[in-house]
């Protein structure tokens, strides 16, 4: 019975099976060592095919005039450091490729040498090297594209202006709220100051009515300190005087009502009627009520009404 031909995947699996068998045989012989086995290829041999290179060069080489090619091969322009400067033939070899400044200067001097050598040659061939004053160059982008760019820039600028105006409006709103808050706080302070002044006047701490003026402004800190200094020079302030008048001041307070030998012997203030309850009324006994009662007051009101009606 013939077997069908193997596909590409089947042939690859057979090759891998054969390879596995070979590896197993090599391992059984002891030829394989533990680790990664890498197939080492031999070094590539460089081929210098001169004829092939010349043939490729002849295929794309074109014999054109120098004006069409504009190629020059020159070294860097010599440096002029003084009147007696020695020629530098090995200047290009002296450039350090790792030094950026020297490398860029060598490029610049080489380009300068090429320009100095080529300009006279171009003038000799009557090739213009400068742009005329009435030179007109077509733009790289069309007018339609530039119009789109202009519109986009205008839209961007308008959006920026709108955003800036919105920021200014927000700042003005914040400033307005801040001013309004300051005004309300100022009014609250003035109200508190006036209420305190009224309380002091009612309690007798102050005898001035300046707080009733609407345009009164709170005294500054310096003026307050000056007023305090004047008060201390003149004497105690109104609050201290009020407390002295109410509670007394000076002398011994504690134990002032204790009995002593002198107070025990002093009977000058003794009153017999007061002591036996004959003179002054006792605290528990009620005195005569001078105010008439409710029924009496109603009768009095009705009489006054009748009298007024008769008079009318």
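Cβ coordinates are placed from backbone N, Cα and C, and glycine is handled just like the others.
Automatic, uncurated: that is what TrEMBL annotation is.
Taking TrEMBL as the reference, the stretch among 75-100, 101-126, 127-152 described by the feature region 'Disordered' is residues 75-100.
Predicted-model confidence for the coiled coil (139-166) is 90, expressed as mean pLDDT.
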